[in-house]
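Since the structure comes first, as structure tokens, the remarks are kept for the end.
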Amino acid sequence: MPTPSMEDYIEQIYLLIEDKGYARVSDIAENLTVHPSSVTKMVQKLDSEGYLVYEKYRGLILTAKGKKIGKRLVYRHELLEQLLNIIGVKEENIYRDVEGIEHHLSWDAIDRIGDLVQYFEENPERVETLRGIQKQSEEEIDS
Ligand SMILES: [Mn+2]
């Protein structure tokens, strides 16, 4: 199993390749706000563990294993954003909150959250009920 830090890298690399067709060390460093030398080090580690193939002057490609986990990590991130959005978390908090929790849930919990998100999507009136409760608790705090 990849560590939380490895997961962040695989996720970013997957997103970059999906978006641009390639993932450069400099782009990964920028997206993760880390030094390029840290990226090189991690990329070598991910290579040695079979998630990607890295050649210094030719860039990097994800292996089948890297692509499979990358896809799941991106799904997990998006699902958690959906969840926070449904429960009414403010837009400006969502990305940072997801980055903070995504590595600490089991895949079992992720699958159950998937069910919950599906439930709310199929029953939008329940989201409205939830908004009502949210409004009440905000009023209690304000009063
Ligand atoms: Mn993420």
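Cβ coordinates come from backbone N, Cα and C, glycine included.
The Mn(2+) 1 binding site annotation in TrEMBL covers Asp8, Glu99, Glu102, His103. The annotation Mn(2+) 2 binding site is assigned in TrEMBL to Glu11, His77, Glu99, Glu102. Residues or ranges marked as domain 'HTH dtxR-type' in TrEMBL: 1-63.
Of the listed binding-site residues, namely Asp8, Glu11, Glu99, Glu102, the sparsest CB environment within 10 A is found at Glu99. Distance between Cα atoms for His77 (Mn(2+) 2 binding site) and Glu99 (Mn(2+) 1 binding site): 8 Å, as a whole number. The record gives Asp8, Glu99, Glu102, His103 for Mn(2+) 1. Within 8 Å of the mean position of their Cβ atoms, the other Cβ atoms in that chain belong to Pro4, Glu7, Glu11, His77, Val98, Gly100, Ile101. DSSP assignment over the domain 'HTH dtxR-type' (1-63) gives 38 helix, 8 strand, 17 coil. The Cβ centroid of Glu11, His77, Glu99, Glu102 marks the Mn(2+) 2 site; residues of that chain outside this set whose Cβ lies within 8 Å of it are Glu7, Asp8, Leu73, Arg76, Leu80, Val98, His103, given in sequence order.
Cα to Cα, His103 (Mn(2+) 1 binding site) and Glu11 (Mn(2+) 2 binding site) are separated by 11 Å. With respect to their backbone Cα atoms, Glu99 (Mn(2+) 1 binding site) and Glu11 (Mn(2+) 2 binding site) stand 11 Å from each other. Here the Cα atom of Glu11 (Mn(2+) 2 binding site) is found 11 Å from that of Glu102 (Mn(2+) 1 binding site).
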